[in-house]
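Undergrad: So that we are looking at the same thing, I have put the structure below in structure tokens.
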Amino acid sequence: MADKLNEYVALIKTEIKKYSKKIFNSEIGQVISVADGIAKVSGLENALLNELIQFENNIQGIVLNLEQNTVGIALFGDYSSLREGSTAKRTHSVMKTPVGDVMLGRIVNALGEAIDGRGDIKATEYDQIEKIAPGVMKRKSVNQPLETGILTIDALFPIGKGQRELIVGDRQTGKTAIAIDTIINQKDKDVYCVYVAIGQKNSSVAQIVHQLEVNDSMKYTTVVCATASDSDSMVYLSPFTGITIAEYWLKKGKDVLIVFDDLSKHAVAYRTLSLLLKRPPGREAFPGDVFYLHSRLLERACKLNDENGGGSITALPIIETQAGDISAYIPTNVISITDGQLFMVSSLFNAGQRPAIQIGLSVSRVGSAAQTKAIKQQTGSLKLELAQYSELDSFSQFGSDLDENTKKVLEHGKRVMEMIKQPNGKPYSQVHEALFLFAINKAFIKFIPVDEIAKFKQRITEEFNGSHPLFKELSNKKEFTEDLESKTKTAFKMLVKRFISTLTDYDITKFGSIEELN
């Protein structure tokens, strides 16, 4: 009996040793007021900025204001059941979103929850949406081209992997079209894409998703969607969710393209939240930290050095201007943050020029280092020629007495403008772009009437298809060697002769001499 008792005592002692008492300090606050998506809560003295707060009925919010006795919390989703006196509980964690390859082909909201009707996202990894951007020593300079498939951009304003290139312009000038065409052109190029719809109409987002599906681009794309019907807190959060999803692939050494469409609506949503939180307004009623809002977002797009995986995030933020005013507060802020801008203008768009990029005000500050050599060789003076044409074109409208030189510049300019026209959803390969530029640079287009340029471009793509030996050689070498240039000249002379022979009422003496094509 004594043995049995000793055995029980030993067992109890062992169990006592195993026992560890954990005290959980759960801070619970009380809602003082709730209105317009903002809750004022007392009793959460130790709450952290950007901390996730859990309310009754599974309602969540994020801490944006820390005051002496209360905290200001932006609420997500339907908060209609929240009342004065409702409880609020600290989660001791910041906002996180699911990340990983499971996000590809999915449409998610600003919280990373699926909204495409294809079931929940079975993510195994989550990452916090607010992070410090990689430091200078983790980065390297941009040295690889991101092929947009848009001739004007790849030739004149090349974008490199890891660059931030702003697309700025009035509404209905083709800004989104450029971004979507760039996503479509990443097919089979091992580039992951994230499209962030910020404050867009539901119908517009549905149209964009349909366009991506038709072009088989959704398999490497994630769409983060905070539409006009969502709360301002969701709109505010969406770009940070998008860049966090992109950073997962960046860490894996992959290349990512992210589009923010558009940051003007993002700034307006942040202004609304700030005013509701009673923060002091500044210029155009925006809060004082609206610059930091966009700089901390766009600085997370970068090109990492090889020690850190060598991945990249290329960002295409979009800004909408009012009546072409790029000197407004938000446009100038984002221009100063980014590595260049493409300025879209209504006058060119209405005149039928697609893409409607104004050459004079657009620039790419770092992309030229990443430009393909074949394209670089052919674009030497193209920007200058187009700038001269633009100036002379407006000048020539005032008088008809023009000297021969001016007439030549105008005629050449008209043909170049036709050559760089490009319909939506039809990106060009780098080889075809190089060949179009070759035709411009070596003045083969002077033999073609202006209204026949579009057909001539079509003829170039048909003639120099994937099986053509010149196409293969240029695709492999990625530059015009002396021998390749000579072969290409000969091929173009034959092509131009064949093309002009099909034209009716064509007189070569109006354009040049036949000897130039022999």
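Here, residue 1 is simply the first one shown, and the rest follow in order.
From the backbone N, Cα and C atoms, a Cβ is placed for every residue, glycine too.
Among the features that Swiss-Prot reports, ATP binding site is placed at Gly169, Asp170, Arg171, Gln172, Thr173, Gly174, Lys175, Thr176. The site 'Required for activity' annotation in Swiss-Prot covers Ser362, and the record cites sequence analysis as its basis.
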Undergrad: For Thr176 (ATP binding site), which of the three DSSP-derived states applies: helix, strand, or coil?
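TA: Going by the DSSP assignment, Thr176 (ATP binding site) falls within a helical segment, counted as helix.
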Undergrad: Got a sec? Which of these recorded positions, Thr173, Thr176, Ser362, has the most Cβ atoms within 10 Å?
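TA: The residue with the densest Cβ neighbourhood is Thr173.
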Undergrad: Are there residues of the same chain, six or more positions away from Gly174 (ATP binding site), whose CB falls under 8 angstroms from its CB, and which are they?
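TA: In sequence order, the residues whose Cβ lies under 8 Å from that of Gly174 (ATP binding site) (at least 6 apart) are Met344, Phe349, Arg354, Pro355, Ala356, Asn424.
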Undergrad: Beyond Gly169, Asp170, Arg171, Gln172, Thr173, Gly174, Lys175, Thr176, what residues of that chain have CB atoms within 8 A of the centre of the ATP site's CB atoms?
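TA: Same chain, not in Gly169, Asp170, Arg171, Gln172, Thr173, Gly174, Lys175, Thr176, Cβ within 8 Å: Glu320, Met344, Ser346, Phe349, Ala356.
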Undergrad: Find, for the listed binding-site residues Arg171, Lys175, the residue with the lowest Cβ contact count at a 10 Å cut-off, counting only other Cβ atoms.
TA: Arg171
Undergrad: Would you count the other C-beta atoms found within 10 angstroms of the C-beta of Gly169 (ATP binding site) for me?
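TA: The answer is 29 other Cβ atoms.
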Undergrad: List the residues of the same chain that sit at least 6 positions away from Gln172 (ATP binding site) in sequence and have their Cβ under 8 Å from its Cβ, in sequence order, or write 'none'.
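TA: Expected: Ser346, Phe349.
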Undergrad: Other than its own, how many Cβ atoms are within 10 Å of the Cβ belonging to Asp170 (ATP binding site)?
TA: 17
